Amino acid sequence: MSSLFFTHFALKTIGTLGGGLSDFPWLSISILFPIASAFLIPFFPDKGEGKEVRWFALSVALITFLVTVGAYINGFDINNENVQLKESISWLPKLGLTWSVGADGISMPLILLTSFITALAVLAAWPVKFKPKLFFFLILIMDGGQIAVFAVQDMLLFFLTWELELLPVYLLLAIWGGKNRQYAATKFIIYTAGSSIFILLAALAMGFYGTEVPNFEFAHLANQNFSQNFQILCYIGLLIAFGVKLPIVPLHTWLPDAHGEATAPVHMLLAGILLKMGGYALLRFNAQLLPVAHAQFAPLLIVLGVVNIIYAALTSFAQRNLKRKIAYSSISHMGFVLIGIGSFSSLGTSGAMLQMVSHGLIGASLFFLVGATYDRTKTLKLDEMGGVGQKMRIMFALWTACSLASLALPGMSGFVSELMVFTGFVTDEVYTLPFRVVMASLAAVGVILTPIYLLSMLREIFFGKENPKLTEDRNLIDAEPREVYIIACLLLPIIGIGLYPRLVTESYLATISNLVDRDLNAVKSVPKTNIFAGNKKSQILKAPTI
């Protein structure tokens, strides 16, 4: 059966070469190419330090990135709210399983982000000398798998691609992690694999709902008239599963441990891509496919988002371990995604999308710098890092730029995304004014804490009490050209989006507006309460056109 599938896919690819580029199977290639290429790595010689493997993996990652860019340029219409670049091949018809991929405004920016971050993660992994063949094999498997998560249009296939990420991440943590790597890897697999059962149960329930012949395609599920109780049950299960990945407090405890043991390239993939899978899935399934349940649970998302922002910011402030400090900072920033998804405004939901893209870039940059700093100082304790600013001036400049981006400095992407979320939620008349004021005021506390713990962190690392073992170490070198290049590649879109957010927002505005209208119609089923003001038309504000 699988051979027939790949034969069909190959014939279809050849058949489209004579047609327009919009008919080219861009997404299937971007998924299958890195995965297929990964299986060529075992044939590379074991001699040396893996130089050939590194260049091969980088070439594959760059080609994959160019393929996704080609998909966006040649086949994606930003004004079309529907799924585009659609490819559908019947795979296992008796099980209702179809190779169905496509992209709309919600998935396309994250597909581009995935291929971009992965290419930089491969470059960040250049110093890896231990088992380089296995390391880059796993990275390329993750590349194709993560793109598939955002591209598939079949819920059962989504579950399979979601699970595809578990083993590579587990091995990357367990083999190349720190002293407690086994504990961190085991905790990751227990949390993510355990919660994934809810995705499978929801997929089977939704696919078999009201029919004997299962159909798991998103388009079919979106048109199903699911009962309210059925939607609520599925919503709760999916919220738990996606809440682990986002992560939502209190389902977050695996993340600081994973980040505490991971290497820099794995950091970049965790913070830059893996967390975004949770936010994307909440939009795709909870908000889009289960609108009636979403209308009832949206206030809970707002509250959970505020808890994320405040709790994680306070915890980050108290951390003395550099990796864990940045990890909790990531959890705090993902709280804005929850608030945006819980809002019923186009502006707020657009802000959530932009926050995912923005944090993907900023989180990857900060964690790469954490790894680069650890490689030099051999410590993660802030108390032992003081006084290296004089010897690492370029590194200090890179840290400063990325920290300013993380604290949402105007002119950088984080500022625009957080402003959109705040404005969208506060101006959303679906919620009562007291609820909006209280939630926005509490979230503002987290915003105030962010520059405090980030700037104090910078001071402690570079200009704190001097550690003679570091300041007198002749091997303590400044940033290398490769490291400067990686940060420059990340800062360029961070600043570009901050100055002109329409670079990203235009790609998903049509899809987001359609999703919000769908959710607003579901608000009619929710009675007026101290939280809901009733069925008032939310202001469908568009993204700023700076």
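Backbone N, Cα and C define each Cβ position, glycine as well.
Taken verbatim from Swiss-Prot:
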TRANSMEM  24-44  transmembrane segment
TRANSMEM  56-76  transmembrane segment
TRANSMEM  106-126  transmembrane segment
TRANSMEM  132-152  transmembrane segment
TRANSMEM  156-176  transmembrane segment
TRANSMEM  188-208  transmembrane segment
TRANSMEM  232-252  transmembrane segment
TRANSMEM  263-283  transmembrane segment
TRANSMEM  297-317  transmembrane segment
TRANSMEM  326-346  transmembrane segment
TRANSMEM  396-416  transmembrane segment
TRANSMEM  437-457  transmembrane segment
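Nonlocal intrachain contacts for the transmembrane segment (24-44), taken as residues 6+ away from its ends with a CB within less than 8 angstroms of a stretch CB, comprise 9, 12-13, 16-17, 50, 52-53, 56-57, 60-61, 63-64, 67-68, 70-71, 74-75, 85, 87, 99, 101-103, 111, 115, 133, 136-138, 140-141, 143-145, 147-148, 151.
With a cut-off of 8 Å on Cβ pairs spaced 6 or more residues apart, the transmembrane segment (326-346) and the transmembrane segment (437-457) reach 3 or more such pairs and are scored as touching. Sequence-distant contacts of the transmembrane segment (156-176) (same chain, six or more residues past either end, CB-CB distance under 8 Å): 95-100, 128, 130-131, 134-135, 138-139, 141-142, 145-146, 148-149, 182, 184-186, 188-189, 192-193, 196, 199-200, 203-204, 207, 216, 258, 261-263, 266, 269-270, 274, 277, 281. Within the chain carrying the transmembrane segment (106-126), a Cβ under 8 angstroms from the stretch's Cβ atoms is held by residues 27, 30, 54, 57-58, 61-62, 64-65, 67-69, 71-72, 76, 135-136, 139, 142-143, 146-147, 150-151, 263-266, 268-269, 272-273, 276, 280, 283-284, 353, 356-357, 360-361, 364, 368, 371, 482, 485-486, 489-490, 504, 507-508, 511-512, 515, all 6 or more beyond its ends. Among 56-76, 396-416, 437-457, 437-457 has the largest number of CB pairs under 8 A with the transmembrane segment (297-317).
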